[in-house]
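Peer 1: Before we start, here is the structure in question, set down as structure tokens.
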Amino acid sequence: MTNQVTLTQFIIEQQRGLPEASGTFTLLLNNIVTACKQISHRVNCGALIGVLGSAESENVQGEVQKKLDIITNDIMVRALDWSGSLGGMASEEINDPIQIPKQYPKGKYLVLFDPLDGSSNIDINLTVGTIFSILRCREGVEPEPEDFLRKGSEQVCAGFVLYGPSTMLVLTTGNGVNGFTLDQDVGEFILTHCNMKIPEDASEFAINMSNQRFWEAPIKRYVDECVAGSDGPRERDFNMRWVASLVAEVYRILNRGGVFMYPFDLRNPAKPGKLRLLYEANPMAFIIEQAGGACSTGRERVLDVKPTSIHQRVPLILGSKNEVERIVGYHRDMDGAA
Ligand code: F6P
Ligand code: MN
């Protein structure tokens with residue numbers, strides 16, 4: 001029999017090295033994982049159990065919700081609220097922070113999550129995921145909304161689960177990035193991708209080209225140079241991918257490098273980008289940096305952005321270090337010349 005390491009074993013062995021670890025974090029992660037296994041099952045059954053399609057409601061972002069956006073949000077909340085490990089939660093789908101019901105004790109962590117990332121893909125049977133971010137909080141007290149507004153650099157853990165051909169969990173606790181594949185027969189996540197590292201250079205980019213006319217000059221310059229390929233200043237050909245599912249793009253980049261951009265958009269200055277700082281950009285930035293990549297708004301390291309509201313959006317440029325630094329350099333050139 002091969003010596004398989006389960007996620008539970010991996011986490012317990014990691015926590016053993018930490019003198020202050022009490023088991024609360026392990027319990028919390030275990031509950032997140034249970035929720036994600038339940039979500040994986042629902043996503044997998046799809047039309048068989050009637051979960052596809054629109055819920056005909058809008059979320060706080062003004063986006064039409066899918067039935068699965070609501071179902072997966074409920075699964076996360078119900079798996080997490082009772083455990084005594086959380087002071088509170090915040091979800092991309094819910095207006096205000098979610099309080100822990102009075103009958104349960106409050107704990108020392110906050111969880112922020114996007115229960116179903118890439119949900120526009122759900123009805124066409126493409127990859128979606130769940131993204132989560134864990135912060136510490138003051139124990140035993142009701143968190144104030146401001147308690148959630150913390151820089152990404154304060155995260156103690158971030159991860160995402162990918163519901164694709166395999167269900168996979170990608171996780172960091174600030175000590176590298178590891179990938180686990182769900183063994184559906186046994187119901188356990190098994191360590192399959194140890195210490196994931198992003199190549200520093202890459203020749204693949206991901207961007208929604210239909211927004212091209214709204215981009216700023218540095219993004220236009222970078223993409224033009226990629227498209228010019230071996231005839232242009234980069235002197236090599238580039239490839240392009242766009243899955244329209246952040247979890248899938250980040251997973252690809254973790255495995256073979258590349259850069260993902262959802263940049264600042266001149267369409268609506270009140271919405272400086274599409275992706276949400278607390279539920280998407282911060283957890284992905286923590287993972288990407290831990291895998292040796294870089295993550296920026298174009299003008300600031302994402303993990304250094306001080307949040308001002310829980311549903312704030314930010315421009316997001318992440319991936320292979322040298323490519324991201326090049327794009328940041330193009331922003332610096334433009335801002336310096338202004
Ligand atoms: O959650 C937002 C999201 O679905 C991301 O997963 C994805 O990267 C992006 O939006 C896709 O955006 P667009 O609809 O512009 O292709
Ligand atoms: Mn999302």
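Using N, Cα and C of the backbone, Cβ positions are placed for all residues, glycine too.
Annotations per TrEMBL:
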BINDING   E92, D114, L116  Mg(2+) 1 binding site
BINDING   D114, D117, E280  Mg(2+) 2 binding site
BINDING   D117, G118, S119, S120, N208, K274  substrate binding site
DOMAIN    6-193  domain 'Fructose-1-6-bisphosphatase class I N-terminal'
DOMAIN    198-330  domain 'Fructose-1-6-bisphosphatase class 1 C-terminal'
Peer 1: With the Cβ under 6 Å from ligand 2 as the test, give me the qualifying entries from the binding-site residues D114, D117, S120, N208.
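Peer 2: The qualifying binding-site residues are D114, D117.
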Peer 1: Near S120 (substrate binding site), which residues of its chain come within a Cβ-Cβ distance under 8 Å, counting only those 6 or more away in sequence?
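Peer 2: Same-chain residues close to S120 (substrate binding site) (Cβ under 8 Å, separated by 6 or more) are A244.
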Peer 1: Do me a favour and check the Cα-Cα span between S119 (substrate binding site) and E92 (Mg(2+) 1 binding site); whole Å is fine.
Peer 2: 12
Peer 1: May I ask you to report the DSSP-based helix, strand or coil state of L116 (Mg(2+) 1 binding site)?
Peer 2: strand
Peer 1: Where the criterion is a Cβ under 6 Å from an atom of ligand 1, which of the binding-site residues D117, G118, S119, N208 meet it?
Peer 2: D117, G118, N208
Peer 1: Least buried of the binding-site residues E92, D114, E280, going by other Cβ atoms within 10 Å?
Peer 2: E92
Peer 1: Among N208, K274, E280, these being the binding-site residues, pick the one whose CA is nearest to that of L116 (Mg(2+) 1 binding site).
Peer 2: E280
Peer 1: Measure between the Cα atoms of every pair in D117, G118, S119, S120, N208, K274, the residues the record assigns to substrate, and report the largest value in Å, rounded to a whole number.
Peer 2: 16
